[in-house]
Amino acid sequence: RQDVLVLTPWLAPIVWEGTFSRDILNAQYLQKNLVTGVVTFAVEKYWFFIEGFMTSANKYFLAGHQVNFYLFTDSPEKVSHLQMAPEKQLFVIPVQNGSSWQDISRCRMRMVSSHIQRQFQHQVDYLYSMDINVQLLAHVGVEIIDDLVATISSWQVTPQQDSKTHGTHPELQGDFHYTASFYGGSVAEMYKLTTACFGGLGEDRQNGIKAQGYHERHLNKYLLQHKPTRLLSPEYYWDTEL
Amino acid sequence: MISRKVLVGSLVCLGVIAVAIWARAGSGKIHYLPYYLPCPEIFSMKLQYTEEKLIQLFPQLFYQQPRVLVPKYTRFVRRFLESAEQHFMQGYQVNYYIFTDSPGSIVPARLQRGRRLLALPVPSFSSWQEISMRRMETISRHLARLRPAELHYLFCLDIDMVFHNPWGPETLGDMVAAIHPGYFTVPREQFPYERRSSSAAFIPEGEGDFYYGGAVFGGLVSKVYEFTKTCHMTILADKANGIMAAWQEESHLNRHFLTHKPSKLLSPEYIWDDRKPKPPEIRLVRFSTVEKNYKEIRN
């Protein structure tokens, strides 16, 4: 691919369609018997997205590889009828819903962090965090597996004239702007990331800072100092509002 | 601590294999005793990653000396070290391990802070091909003895080369190989892979990603250990079948990298041959061979 950037200045590959061969990658990864985890939250009204997400993820996410889906939800009764593919497993983790946006986001980081420590590190090698309100439209495979992986936000690729209500327009400092909707890496790196972000969000709360998109802001701040080892192109998370 | 059972078990194993070999090759030909390194336990421990900026690196170099009066490769050591001090991994802790059959002739050079030089003795062998192939054995044996906390990354480099430009942390990776300067513009059918199917280094037509040079490889210590151990085993398998691969251990290296792909590749900037004219793709020659008379060295 000559039209896009495929390597960052710190030699992390940027994964675009056309830059890799999934067959070669699969051959290498099947040797290693890896288990990948996916963490996603469906609280309050978001239970509606569970079925759509799980059906598409079952079909398209790391097809043929072992995946554990960890679904944090406050309405566990709504997930009972899902059918999973043979290598995929679903773990439903019931949670109490938080009082406000900040709390939910902050609690998420804390919950993921503590679950990694207690449970996930023994069950999976790699862990990814995905927003529940997405649907996979094509195969997402082992090209995403690396120590610390982030997805370039689609907001950066198409310049926009007016600011959207989706959130405060992220200041484009740093190398790239990453979306908080799809990121991940090895459990060790994810533990460090969630713990650091949880700490940062706690500080903001103390100082009374509230703003939308702060979850993303803290993620980006962390990734500026701890550069991801692999980047995913905006193909991997495209906001249809654009 | 290796348990008694494991020790006894491996000794018995060794004994059995030894007997088998002796029985087979008792006609006066050279006997090759494959050994089994009973200590991979060192590397089954999770290596601890400290996040300091300083990374310990050890370029291991092979200093070959055929049995003649005048040490032929000594002159290369000085030039290698001087250029490495100027260009190799500036700001990092580096240990140079030089394997030689005359440790006494290595003159202690003046090194920067945080750098050490160790000359390690190896037996001298009859031919330069033998010396070349024994590298894998020596490196894996050496790594087996090493404590893992001592080092993180290891590069294995030929001594008869010189640094011309900086070689930095962009080269670090889990398993690093370098593309051979003579074969990066040719199609894979022209790669000098070992093409005889009786060799353990055999690569059939139509396969192969790159042709890697044997003068440069490296990576995490555990990965380099696995790699050199496997190459040594395949070299021994060939010896048992009376065959020597087309380019000695380089053929075995290429075979291994076909199935266990390196995590990072270095362009031919990092393994250049000064006898070749520099094409425009090569912007900066970092590491290249020294002019030498091959006939004189390889007698």
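Yeah, the Cβs are placed from backbone N, Cα and C, and that goes for glycine too.
The annotation active site, nucleophile is assigned in TrEMBL to A:Glu216. Taking all protein chains in view, 21 other C-beta atoms sit within 10 angstroms of the C-beta of A:Glu216 (active site, nucleophile).
Feature annotation from TrEMBL assigns UDP-N-acetyl-alpha-D-galactosamine binding site to A:Phe41, A:Ala42, A:Val43, A:Tyr46. Summarising the environment of A:Val43 (UDP-N-acetyl-alpha-D-galactosamine binding site), the number of other Cβ atoms within 10 Å of its Cβ, over all protein chains shown, is 18.
The feature Mn(2+) binding site is assigned by TrEMBL to A:Asp131. According to DSSP, A:Asp131 (Mn(2+) binding site) is assigned to coil rather than to any helix or strand.
Distance noted between the C-alpha atoms of A:Phe41 (UDP-N-acetyl-alpha-D-galactosamine binding site) and A:Glu216 (active site, nucleophile) is 15 Å. For A:Tyr46 (UDP-N-acetyl-alpha-D-galactosamine binding site) paired with A:Glu216 (active site, nucleophile), the C-alpha to C-alpha distance reads 19 Å. In this structure, A:Tyr46 is the one among the binding-site residues A:Phe41, A:Tyr46 with the smallest number of other Cβ atoms inside 10 Å of its Cβ.
Around the Cβ of A:Asp131 (Mn(2+) binding site), the same chain contributes A:Thr40, A:Ala180, A:Ser181, A:Phe182, each under 8 angstroms and 6 or more positions distant in sequence.
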